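To start, the structure itself, in structure tokens.
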Amino acid sequence: MAAYLTNRVLMSSLMFFVMTGSLNAQVADIKAICGKAKNQSFCTSYMKSNPKTSGADLQTLANITFGSAQTSASEGFRKIQSLVKTATNPTMKKAYTSCVQHYKSAISSLNDAKQSLASGDGKGLNIKVSAAMEGPSTCEQDMADFKVDPSAVKNSGDFQNICGIVLVISNMM
């Protein structure tokens, strides 16, 4: 009889913890997230293009979009770094070199943001991703100031849009 009661209590406790954990991991409302994004059509396309986002909870979506932001920043950095190496025009080389520094700063800010993401600190994530967004944005401005073809930093727009999604998600965490 005691073994039966112990078994029932154990099973009830186990069910309680399983159900409580399930409640915390609710499917994120992608429509609501994209409705708050700066570029709603980009957000919707981005979410639909990645099968991992379907049925994901908020933390998982944050991880997915944050990973995309890191990839985008790294790709932009590599592209501009290669332009520095091949530029023969001193003005262009100066603009590209400036952009390399801005992208390094963005990547550094994203690396700092990883801790906030891992701990579920939405506010910290928001602050650090916002800081990361400044680098490529300043790079675009530098390109305009130096009168260099801004298509060299086309990647910056995607980076900004992806980070914008991360910001929306961070505000919901």
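Yeah, the Cβs are placed from backbone N, Cα and C, and that goes for glycine too.
Predicted, not measured: the structure shown is a model, and the values here were computed from it.
Going by Swiss-Prot, these are the annotated features:
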type     : residues     : note
SIGNAL   : 1-25         : signal peptide
DISULFID : Cys34-Cys43  : disulfide bond
CARBOHYD : Asn39        : N-linked glycosylation site
CARBOHYD : Asn63        : N-linked glycosylation site
DISULFID : Cys99-Cys139 : disulfide bond
Cα separation, Asn63 (N-linked glycosylation site) to Asn39 (N-linked glycosylation site) (Å, whole number):
19
Under 8 Å Cβ-Cβ from Asn63 (N-linked glycosylation site), six or more apart in the same chain: what's there?
Leu117
Express the distance between the Cα positions of Cys43 (disulfide bond) and Cys139 (disulfide bond) as a whole number of Å.
23
Would you mind reading off the Cα separation of Cys139 (disulfide bond) from Cys34 (disulfide bond), to the nearest angstrom?
26
Counting only other Cβ atoms and using a 10 Å cut-off, which of the disulfide-bonded residues Cys43, Cys99, Cys139 scores lowest?
Cys43
If I restrict to non-local contacts, at least six residues apart, and a C-beta distance under 8 angstroms, what lies near Cys34 (disulfide bond) in its own chain?
Gln40, Cys43, Thr44, Met47, Ile165
